[in-house]
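**Q** There's a structure below that I have some questions on.
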């Protein structure tokens, strides 16, 4: 562990705040804690009941802001409806915003000549997949389907920073299939099972599927299985490369969260170049 | 003057910081001061010599930050090369950032469910032109040519907020003409005289030309004249509507600056809904 030897045994710390007991959120948090353990990041967790007040959540966030052993703070979304997500996320110190959702980080990500402290994990994972697979991004046409704050919008910014010509397709786009068919690189992040069919894909395009949608499946043990936003079977016949669901982007998201946390710890210890 | 009567005679104040004596910057500042005078906004100006230190500029900005009679602070760009533009702009209080260039404002502009305190003046002027001309934006394809922090990037965000499907064309786009030809709405903000030719424009498209480029013209008094990024003569034959240069977007930019300053003053006096 290089960091540990450079910091007199100090290691990165990630704090996770979970409100309520949504099954999917609990699963995510468990995966994140497991991944932390594997790489030697200390993980702290605060689990609040679903009827907690916003002030209670804010107090937890503030406690972690003040704790020098914590380098990343992650509030698992979605929060219960009675809480103001914007206010809770804004309370996270921008230096510990390892999710990269703070508007200051998003703004810097959008701007030329600026560098955000953190890049949101899922979009960063998508780009990392492209780069590690030697997909040329520069000069290519990219289409991002979906414009969420968490995936679509930052993914479009990252593709553009890598010199792609980017179009964002969303619910008001009248002809999403036609536009997507122009793309050399497609990132689907819209949360609709099998929305993207084979005829949306230009032959040879590279497809990254961020969706994780449960669909009924009587043959499955739980009665459902998880599928992406892309109809994999059809798209795989057209694409030169495509990510599966589950197993494609998901693990990358967690890997990038660990990397953001490590970067944050290095920054705190004055070890980042 | 409604505001004046609601605030016991207090009026909005705009502070302009000009470093050096670039002819174009001086012209802009003069226009802005004149416009302020016309509408009853007090304008303050600090004019520093080109060899001032960054610290001197920062001190002026801080002085205006602390002055309750100042509701907007504008540092005229470009700054001399020895200054760090990012640092100077970041010093402006986000509550007085009437140019809307602060990354926090840009981030909120990019994000769903967030509202920036200020929207950058030129892009806001472009959208205002479209809206006032009853151009439908929702569901249309828009192409923004150029991705500057000041115009292209925020213009793309605004078009998307208005439910257009937006593509940003830039220097690494191999086929800008072809892509621009797909657009119902074109915003050209790249700073290259007459880059956009007639055959870039889809018949019936709406064209907003943000460029202001000097080109040699022996017949002009000064030896040059100002032209846009769009070859007006050619594009006007294709477009259903097009803005001229000079006279199109320029006056809108100043109008939006006044509006941002007025909004800021109202916010300071607790009068904004």
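Here the Cβ of each residue, glycine as well, is placed from N, Cα and C on the backbone.
Any TrEMBL annotation is an automated prediction that lacks curation.
Quick paste from TrEMBL:
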- A:6-99: domain 'Tetrahydrofolate dehydrogenase/cyclohydrolase catalytic' (DOMAIN)
- A:120-268: domain 'Tetrahydrofolate dehydrogenase/cyclohydrolase NAD(P)-binding' (DOMAIN)
**Q** I'd like the per-state residue tally for the domain 'Tetrahydrofolate dehydrogenase/cyclohydrolase catalytic' (A:6-99) from DSSP, helix first, then strand, then coil.
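**A** Across the domain 'Tetrahydrofolate dehydrogenase/cyclohydrolase catalytic' (A:6-99), DSSP assigns the residues as follows: 41 helix, 18 strand, 35 coil.
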**Q** What is the number of residues in the domain 'Tetrahydrofolate dehydrogenase/cyclohydrolase NAD(P)-binding' (A:120-268) that are helix, strand and coil, as DSSP sees it?
**A** 55 helix, 30 strand, 64 coil
**Q** The domain 'Tetrahydrofolate dehydrogenase/cyclohydrolase NAD(P)-binding' (A:120-268): mean pLDDT?
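**A** Mean model confidence (pLDDT) across the domain 'Tetrahydrofolate dehydrogenase/cyclohydrolase NAD(P)-binding' (A:120-268) is 97.
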